[in-house]
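See below for the structure under consideration.
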Amino acid sequence: MALVTVSRSPPASGHSTPVGPTQDRVVRRRGRLQRRQSFAVLRGAVLGLQDGGDSNVASEADSEPMEEPSGEEQPTEDQTDKGQGLQSPWKQVQKRHLHLMVELLRPQDDIRLAAQLEAARPPRLRYLLVVSTGEELSEEAILLGVDFPDSSSHSCTLGLVLPLWSDTQVYLDGDGGFSVTSGGQSRIFKPVSIQTMWATLQVLHQACEVALGSGLVPGGSALAWATYYQEKLNSDQGCLNEWMAMSDLESFRPPNAEPGQASEQEKMEQAILAELWQVLDTSDLDSVTSKEIRQALELRLGCPLQQYRDFIDNQMLLLMAQQDRASRIFPHLYLGSEWNAANLEELQKNRVSHILNMAREIDNFFPERFTYYNVRVWDEESAQLLPHWKETHRFIEDARAQGTRVLVHCKMGVSRSAATVLAYAMKQYGWDLEQALIHVQELRPIVRPNHGFLRQLRTYQGILTASRQSHVWEQKVGVVSPEEPLAPEVSTPLPPLPPEPGGSGEVMVMGLEGSQETPKEELGLRPRINLRGVMRSISLLEPSESESTPEAGGLPEVFSSDEEPLHPFSQLSRAKGGQRVRKGPWPALKSRQSVVALHSAALVASRTRAFQEQGQGQEQSEPGMSSTPRLRKVMRQASVDDSREEDKA
């Protein structure tokens, strides 16, 4: 492990040094900006260390802010501990990358951790940064993703910005990877080693606990500084796609080939795919076999295709599934499956410009061609779709306003996407749930939202009804609601759409309660491992301190009777402005039972101590009385109880 110190100074200014009352504020500001940050460099990770007062040294020479003491190196250069001997190549590379990543930050922000991640396309390098700000004693943190074209590159780009809100959860995904979910966004990361993973999870756990204790929620002034980095996103589309990748996808878009670097295998697969359409169109699918399809392709291409048998079978199934076209529910809205979302020709033919992906396990196949909106949920009754329906309605309306069309899809186009289309119809056209379900099932008979989604649709129907009634009442009294009106924009029913070619002419209308059971789209997943639970289990393995019965006067301050109720952040104190400041190291989490027991013991001891003091005070004021302190304490408690009974009576 090596120690690296980076000197960070703001740009030189031509203004003179202020004098008078404002000088102290300027010096303090320079002390925050002109400082050095030290890092512990590990293989694959860089840990930020706490400043040990370097800011005071930097703020002393306020008349010459850019001047460095003799014997020290210039700003933005590093100083290693003992500074002797040749360093290994990986340390030199990490130090150079560290300098480049520091240059991406604002002067008041610090890197708490820089962890190297696995890259899907070497020689690219990826780093995950945990960045905190020094503004006003704030403990807010964000995650940044940094991309390097290769290890020798002298520049880097920003590909990810993820604020850490109070709802942040970290899950272990196996094989050294983990996912971070915050503010409705989920991102996956896979460090290059176990040591790097362990260092990263420790820093993430601390940042998540601070965010939870500070109550950081979207929509307020918290983490407003993250917009600075969101405006600086400049990685190429390939890097952005890698940061957006999901760990549990079952359907992937094909890899983006580098310009001019398509392999011979990819060229052959493209040729097979082009001919496969023609072969299937001219074959009797009820009698033809896979071997006969391959032999027909060999005749067309003039070469053996033994090594492409699995590719041909896979593409053949894909093409057959894509023959089930998406259902046109409204003139501007199609409802379909993942096969429809992967069929570029059909999407272009239907003039689709927006794709609403309601599946957790399906990737965005053409992010460079279409506008996507993702709602990452599973087809489970416990999944919550209702909070997303306002944004999905707005997304669909954006496509309609542009004169284009939107495809709403999930895995099979049966449950998640169908429920979202039903919610859209109820809000847009003022229909109730039964009317919307009849219309959608007429055009796509396989629609079957699960029971949990049906309950949410009924709740949504009540919300829309109440909103419309409230809107009408406000119009009667002449009050304009500041909220977005939920009244339908179009109240007239749509003309019936012609049935899709090749579709069934039967109308299958199912009741809400009597819908037939259909096979689930996905099997249930086993519970995910949460980082907070892992850290709690680790803390319980630590040897506990010797617990002896404390005396009344020797109780620790954390268990004082006048303190607020205990919470997991007992070492976070309130600073100016109501913000929390962390003091000292993070304590190990104790079991809830022991904390409750100790708190109860402390409360009893403190009350006993208070009774003793009151008893001693009365004994001094009434020296003629000969009762003992113990007897006096019992009598006082009895009198208090009697007075309470009299009050109740």
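The backbone N, Cα and C atoms fix where each Cβ goes, glycine too.
Pulled from Swiss-Prot:
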| type | residues | note |
| --- | --- | --- |
| COMPBIAS | 1-20 | compositional bias 'Polar residues' |
| COMPBIAS | 639-649 | compositional bias 'Basic and acidic residues' |
| DOMAIN | 266-321 | domain 'DEK-C' |
| DOMAIN | 325-466 | domain 'Tyrosine-protein phosphatase' |
| MOD_RES | Ser9 | phosphoserine |
| MOD_RES | Ser38 | phosphoserine |
| MOD_RES | Ser88 | phosphoserine |
| REGION | 1-32 | region 'Disordered' |
| REGION | 49-90 | region 'Disordered' |
| REGION | 541-586 | region 'Disordered' |
| REGION | 608-649 | region 'Disordered' |
Fewest Cβ neighbours within 10 Å, where candidates are the modified residues Ser38, Ser88: Ser88
Conformational class of Ser88 (phosphoserine) under the three-state DSSP mapping: coil
Secondary structure composition of the domain 'Tyrosine-protein phosphatase' (325-466) [DSSP: H/G/I, E/B, coil]: 68 helix, 29 strand, 45 coil
Ser38 (phosphoserine) and Ser88 (phosphoserine), distance between Cα atoms, whole Å: 19
Helix-strand-coil residue split for the domain 'DEK-C' (266-321), DSSP-based: 44 helix, 0 strand, 12 coil
Average pLDDT across the domain 'DEK-C' (266-321), rounded to a whole number: 81
Helix, strand or coil at Ser38 (phosphoserine) [DSSP, three-state]: strand
